[in-house]
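A.B. asks: I have a structure I would like to understand better, so I am pasting it below and will then ask my questions one at a time.
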Amino acid sequence: MTFNLTILGSGSATPVPDRHTTAQMLSIEGDYFLIDCGEGTQYRLIENHLRPGRLKYIFISHLHGDHYFGLVPLLSSLNLAGRTDDLWLFGPRGLWEIITVQFRYSDTKLNYAIHFQETDPHQPAQILDHPNVTVETIPLQHRIDCTGFLFREKNRKRKLIADKLPADLPVTFYRQLKDGQDILDDMGQVLYSAEEYTLPAPQPRVYAFCSDTRYNEAMFDQIRGVDLLYHEASFLDDMESLSEKYFHSTARQAALTARQVAAGRLMIGHFSSRYKVTDEFLVQARSVFPETYLAIEGQTTEV
Ligand SMILES: [Zn+2]
Ligand SMILES: [Zn+2]
């Protein structure tokens, strides 16, 4: 199953050349899950050859503009492009009101339905049960209500042992074996056992998107053991007290979080515009958690 994350924006609120505000696309087995939608996200989709028409689910962490100012333009363009498929939108209280006010005063009538679900900033909750993945909210500690999102893969299939498979085994049985079901004959006797012809399913993969937050121990249990953790790192050590005051994190705190929860890998982003280059973010984070990478526009990572 494909489970890929493409970074569309790695910056924070103030504009900087070559850095965009937060947006990420998770592509899971052909379905698109957009996470945050900073200004200009629809252009980022086109630049990265991600067809906006295939979008099905949009998740907005909070209502600071650098995380959603691209949303209404995107919804509007989908309409102009003739979309009729339903779309699911998850975000904080107030988001739906903002959207409807904008469309009301522009006399825009969408030709597709948007199913809006409000997120609860205080309690983790499962908000989506998709055939391939479940999505939970992660309450964060920011100046306004803010949640992250936890994407948990499900139903990973057992792996066929190619060398062992009898040449005459009909391909239609492959799926059954991968689901862990034995192939039986008419009398109910086992012809091919899943145990013999397949390997156990790999561990389901988990991706945690932790948007704007200060160092937040309250979420540790929920995100423990994630394969890939995205955590904001707005500042370096020199700004730690300012970071705390603004309810943001430093690269070191993001790395400490990754270490505490035993994440597989850490990706940091949301770099403050006061830093012209981002190398030092990696240095400070890696001194705590070596498996750290920078969020970089246009790069795709397998979860
Ligand atoms: Zn932000
Ligand atoms: Zn914010």
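Keep in mind that glycine also has a Cβ here, set from the backbone N, Cα and C atoms.
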A.B. asks: According to TrEMBL, ASP66, HIS67, ASP212 bind Zn(2+) 2; which one of HIS122, HIS270 is annotated to that same site?
C.D. replies: HIS270
A.B. asks: Using CB under 6 Å from any atom of ligand 2, narrow the recorded positions HIS64, ASP66, ASP212, HIS270 to the ones that qualify.
C.D. replies: HIS64, ASP212
A.B. asks: Whole-number Å distance between the CA of ASP66 (active site, proton acceptor) and the CA of HIS270 (Zn(2+) 2 binding site)?
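C.D. replies: Cα-Cα, rounded: 10 Å.
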A.B. asks: Nearest to HIS270 (Zn(2+) 2 binding site) by Cα distance: which of the binding-site residues HIS62, HIS64, HIS142, ASP212 is it?
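C.D. replies: Its closest listed neighbour, by Cα, is ASP212.
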A.B. asks: Same-chain residues six or more away whose CB lies under 8 A from the CB of HIS67 (Zn(2+) 2 binding site)?
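C.D. replies: HIS67 (Zn(2+) 2 binding site) has long-range Cβ partners THR21, THR22, ASP36, CYS37, GLY38, ILE60, SER61, SER211, ASP212.
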A.B. asks: Which number gives the other C-beta atoms within 10 angstroms of the C-beta of HIS62 (Zn(2+) 1 binding site), all protein chains shown included?
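C.D. replies: Taking all protein chains shown, HIS62 (Zn(2+) 1 binding site) has 25 Cβ neighbours within 10 Å.
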